[in-house]
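Here is what TrEMBL records for this protein:
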DOMAIN    A:3-186  domain 'Electron transfer flavoprotein alpha/beta-subunit N-terminal'
BINDING   A:206, A:232-233, A:246-250, A:263-270, A:284  FAD binding site
């Protein structure tokens, strides 16, 4: 079957989430020997399209370059995709905030029941996906002729970013639907790696007690390790760090090589966001904290003395 | 402006769900059920808009079993004015719920529909976006701030890199994220008052919507278990273990 992948990009460059989605799309296309195409919808997005064309296993890149698509407004992008979907058996989108915003709008336009955040492709019509914050895994079979799917990035390895040489073909849609406009963004500026793609993550919890403590204790350790900084929902709700630091079922799902949880008790919803990490370290003064039930290495004690010690000895 | 708020009855957020031994689903017998937490945030936002004089009426709707009436009563006790219960047998998929809601919107003509961004049972995160598509309305998903004016609404959205703000023409659909507000607890007098508020009983047939599922759940299993590791005594021991496992140099 032929599969269209919605690229995640910022016009200038392609985001890694696209590569995970391509791997899922290849698995799906493999069931009937079809092609994987990538749609880059944006404004001035030639560079992102060129990057998509180099992904291993991508047969064609569709570039919809229009001011209406520059900010990825779902009202404008969804009709474009729904139109293109006539030529495909499935749409695969990364389960990023953008993919989650756009894909269901496409599904409704195409009268398809979406399958959200798949973890695996079992057959051309059968997938696994997490329910109840990852406390159960459902195997679901779709009766729809076309599939609309979002992909949990951590469940699929990244496709190779080079090795392909797909043609880039211009496509167009109906442009501005006249329903919405982009007013601005406040993006977190950081020299550290992005949370969802980082090899190492240092996360802080409510026990830090303040935003200043994050700066004083978490940041230096993260910088020493070349790590991204994350946080529990409690720390975000308390205003210590911005919302996009949140790791958990309702925040970001991560699976780094090393996850260091500092002063995080380990609520179910946090565990759901990080339990697929390769190695988990927990530092917490409460010996009974649930985080120790998933940690490979637990260190019981006061984070305000242990974390500086760890930072200085690394 | 009238505001429509769909609410879902789900397993309470504090319940640790268990997979049934026959893998047919999760255990729902004798489990505490509550309003989906994101929907509580939606009801709260709508009620606040009414208290500010922006909204004139808050109508809550639930699609689900007969017991979803309790969920509607909770919303009425929080300050919603009246309810609509669409009774269905078994779980109803997001697409079917969106179709039912689109019919109710056609009857009620709200200026805003405020939904939770996802239900904590099936974690689909679809209904609001689908409803907006079916209505041809703008959608402000994952909202952390909602500011309506006479003919537009400004929505600040929680996105992967931070926040972004979009302006939507009214009528529009908004889905709520965690940090939009802190829902109130209903007071006892308001719980008593809510008992007298009207709830209309409907079925999918009343709206001519086919709610036949498109997805079949073949099985539900436990996620792979992660076993607890070891406790280390010192920072030095931790560093040694991490070096040995190869995750740090």
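Backbone N, Cα and C define each Cβ position, glycine as well.
Automatic prediction, not curation, is the source of TrEMBL annotations.
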Query = Does anything in the same chain, at least 6 positions from residue A:264 (FAD binding site), have a Cβ under 8 Å from its Cβ, and if so what?
reply = A:203, A:204, A:205, A:206, A:207, A:232, A:270, A:282, A:284, A:289, A:291
Query = Among the binding-site residues A:206, A:246, A:267, A:270, which residue has the largest number of other Cβ atoms within 10 Å of its own Cβ?
reply = A:270
Task = For residue A:249 (FAD binding site), write down the residues of its own chain that are at least 6 apart in sequence and whose Cβ falls under 8 Å from its Cβ; none is a fine answer.
result = A:133, A:134, A:268, A:269, A:272, A:273
Query = For residue A:270 (FAD binding site), what is the secondary structure state per DSSP, taken as helix, strand or coil?
reply = helix
Request  = For residue A:206 (FAD binding site), name the DSSP secondary structure in the helix/strand/coil scheme.
outcome  = helix
